[in-house]
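Straight from TrEMBL, the features:
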- 7-329: domain 'Carbohydrate kinase PfkB' (DOMAIN)
- 14, 15, 16, 42, 43, 44, 45, 46, 142, 288: substrate binding site (BINDING)
- 190, 256, 257, 258, 259, 260, 261, 287, 288: ATP binding site (BINDING)
- 282, 284, 318, 321, 323, 327: K(+) binding site (BINDING)
- 288: active site, proton acceptor (ACT_SITE)
Ligand SMILES: Nc1ncnc2c1ncn2[C@@H]1O[C@H](COP(=O)(O)OP(=O)(O)OP(=O)(O)O)[C@@H](O)[C@H]1O
């Protein structure tokens, strides 16, 4: 490796308010929970911290509100060593807020109030991508799509690797989302996000997406239904779905499959990566650790399957600990798990 990978994250910062619950409430129901916690989060900030802990040099660009949460978020990621010069304060906006419920088996449900994140404009995003010497740009969908598009276009013009974690799930692939996807080199989605994009792909005429055989398959051998907002995942397996999603633009696509690992597709074909067996405590942060690890490894020239294996190790370690940023593993932890040391020894 020729020094640390330099990564730019243009994305969200949220304060996470987390309550542990014995089960996730039904509509109209109140469930009495246990401990509550207030911790720094937001997919952008989480992935920035994850990448930093995994050894990258990271610059974050985003917006917080003019309030105490905003100051706390900026301080939290600065304390991790992330460059926060591009994290600005939006006047007249509250800091983004995420309400998280975590079930005892680690599964979660989340509602986000975007606040200042929604005010991040395309000019700021474009300037961010044009103003550094990073090798890769890492984006998520907790900021406006036109900001992502502006950053991605500029990053691509500069020859950077453009990575998009299409989370939270896009509700529709409208013209702007379609344009963004065509600017992306590496797309990372979980099962629900993959299902939503796949459905959109199949609805578009002449998409070339494989047909549905009438069986309500999950993304991976029928283990999970892959349902998000009523959308049924139609593919037979994650690798086939990843391959189909390449027709949206990204050359490389990786689908995360929770406790079943990940699947992907690239110019060299499709692959599956098994999950590392761990005791799940809290799934929050797994996706963020995975995305950061994958982006760094691919930016560093690692093959996609090997990068996905490393990312699975990072994701597995994140589920063994509570919280979002607090649960993110360090490079040495990932190296140890890849070398066969059981998770939790560190
Ligand atoms: N229970 C688990 N055991 C082992 N590895 C896991 C487990 N859950 C997640 N992972 C790892 O983390 C990766 C990301 O997890 P997942 O597919 O749940 O993403 P996500 O839905 O984006 O997560 P998040 O809940 O953080 O938003 C998986 O591909 C897998 O490698």
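For all residues, glycine too, the Cβ spot is worked out from N, Cα and C.
Whatever TrEMBL says is automated annotation, not expert-curated.
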Looking at Cβ-Cβ distances, which residues of the chain lie under 8 angstroms from residue 284 (K(+) binding site) while being 6 or more apart from it?
16, 18, 100, 102, 108, 318, 322, 323, 324, 327
Where the criterion is a Cβ under 6 Å from an atom of ligand 1, which of the binding-site residues 14, 43, 142, 321, 323 meet it?
none
Rounded to a whole number, what is the top Cα to Cα distance in Å among the residues the record ties to substrate, namely 14, 15, 16, 42, 43, 44, 45, 46, 142, 288?
15
For the domain 'Carbohydrate kinase PfkB' (7-329), what's the mean pLDDT in this predicted model?
89
Within 10 Å of the Cβ of residue 14 (substrate binding site), how many other Cβ atoms are there?
32
Mind telling me which of the binding-site residues 43, 321 has the densest Cβ neighbourhood, counting other Cβ atoms within 10 Å?
43
Determine which residues of the same chain, besides 14, 15, 16, 42, 43, 44, 45, 46, 142, 288, have their CB within 8 A of the center of the CB atoms at the recorded substrate site, and list them by sequence.
11, 12, 13, 40, 41, 47, 96, 98, 324
When the Cα of residue 259 (ATP binding site) is compared with the Cα of each of the binding-site residues 45, 142, 282, 321, which one is closest?
282
Under 8 Å by Cβ from residue 288 (ATP binding site), counting only residues of that chain that are 6 or more apart:
43, 46, 47, 50, 318, 324, 328
Round to the nearest Å and give the CA-to-CA distance linking residue 257 (ATP binding site) with residue 282 (K(+) binding site).
15
DSSP three-state call for residue 16 (substrate binding site): helix, strand or coil?
strand
For the K(+) site (282, 284, 318, 321, 323, 327), what does the 8 A shell look like? I mean other same-chain residues with CB within 8 A of the CB centroid.
281, 283, 285, 286, 319, 320, 322, 324, 326, 328
Can you check which residues sit near residue 45 (substrate binding site), meaning Cβ under 8 Å from its Cβ, same chain, 6 or more apart in sequence, and list them in order?
9, 11, 12, 13, 14, 60, 62, 73, 76, 77, 82, 325
